[in-house]
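**Q** Okay, here's the structure, questions in a sec.
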Amino acid sequence: MRRIRLNLQNAINEEKLKEYVSEVEQINTKMNNLSLEGFEYLGWKDLPENINKNEIDKIIETANFFKKEGIEVLVVIGIGGSFLGAKSAMDFIQGNYPTKKNMEIIFAGTSISSTELTQLLYYVENKKFAINVISKSGTTLEPAIAFREFRNLLNSRLGENNAKRYIVATTDANKGLLFEMAKEKGYARFVVPDNVGGRFSVLTPVGLLPLACAGIDIEKLLEGAKEANALYKNSNLLENDAYKYAVARFLLQKKFPVEMLVSYEPNHMFLLEWWKQLFGESEGKQGKGILPHSAIFTRDLHSLGQFIQDGSKIMFETVIWVDKPIFDLKIEKEIEDLDKLNYLTNKSLHQINKAAFEATVEAHTKVGLVPNIILELEDSSEKTLGALFMFFERAVAMSGYLLKVNPFNQPGVEVYKSNLFKILEKK
């Protein structure tokens, strides 16, 4: 079942895709044979089929334990892929202001801001909270600092022996600082798989435990990913929309060094952030790659719209449109009509939003000459999001290999870390 429809008619001449059929087939075969650079991190591509049922049961049991214990807030501590996947999924499925009463999920360890961490500690001070700390090694500075502070707060309130019941570590299977700490202190543990990099980890316990605690059906999420995987593992470029997207981007980057991912739903903001990390870290190396940028329309049409329409031609857009939103609202007629909006009577807000989407695509492509790739999503369900995660992950792997870079490492981020530790005189 296709939950995502790709439209390239306003972006490229689709005949050009045929020139890459052979290369894409070769790359796909090598990915399947684990014979490409970075093969040791290809575990994500078969996650929906291979994830352990016992692990899913354990995740759901942990979420149910927290609910039974009356946990009001789960503090998820992690940075980058250790929080963006879960946060993006919660907002995508439930909206920015969830209407159902579920355990609240907050995220810490995403910065070194003293104000941010202090306010988060104050926020949970009088609430019953649990901690899910996520780090492969346990040495990443931002989550390590946050974990120390929240751990100390929980220990001071409950005593260390009782507090450990409400701390879960998602980390390496058998090594690392966090693994050793969790083992020594008796924290429950989930595993970050060795063959799955952080930015690809949303369908592992890294993303699944926070999502289960938030009341999201993680089995449906995985089911949607599994359905999509059957489509996106196809080596035939002309039948594989994820690979078509990758090739379209590859063609466009020859002229446009920036890609702006756009959505007309504000609750997709963290989906766009997740996508930026996925593509930015996977492609941006050896002086190559497309700069990933993002915008929420119609909001950002009132700030960036002028530049996109009339500014320097450095970008193409990939636009996400959702056919069926979480909620819709109909405009009712008012007798006085002081705001002169009665011409919209009986139109739904989603209809108006779609008109804005169509008008903007036409303006940007026909007048502004900005290529637009359209991704039309069926709805905001778990299954659709699972499919979208696999779509982007398959696409970025192919895109990286087309650029002749390893999509699964990120050597550039080590430079600032090394400098930081020198300044802090870490031995």
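The backbone N, Cα and C atoms fix where each Cβ goes, glycine too.
Grabbed the feature section from Swiss-Prot, which reads as follows:
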| type | residues | note |
| --- | --- | --- |
| ACT_SITE | E281 | active site, proton donor |
| ACT_SITE | H302 | active site |
| ACT_SITE | K417 | active site |
**Q** Distance check, please: Cα of K417 (active site) against Cα of H302 (active site), rounded to an integer number of angstrom.
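**A** Roughly 37 Å, rounded to the nearest whole number.
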**Q** Pick the one among the active-site residues H302, K417 whose Cβ has the fewest other Cβ atoms within 10 Å in this structure.
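**A** Across H302, K417, these active-site residues, the one with fewest Cβ atoms within 10 Å is H302.
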**Q** Fill in the CA-CA distance, H302 (active site) to E281 (active site, proton donor), as an integer in Å.
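**A** It is 29 Å, counting Cα to Cα.
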**Q** Using a Cβ cut-off under 8 Å and a sequence separation of 6 or more, which residues in the same chain sit near the residue listed as 'active site, proton donor'?
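**A** Within the chain, the residue listed as 'active site, proton donor' has Cβ neighbours under 8 Å at R199, Q410, V413.
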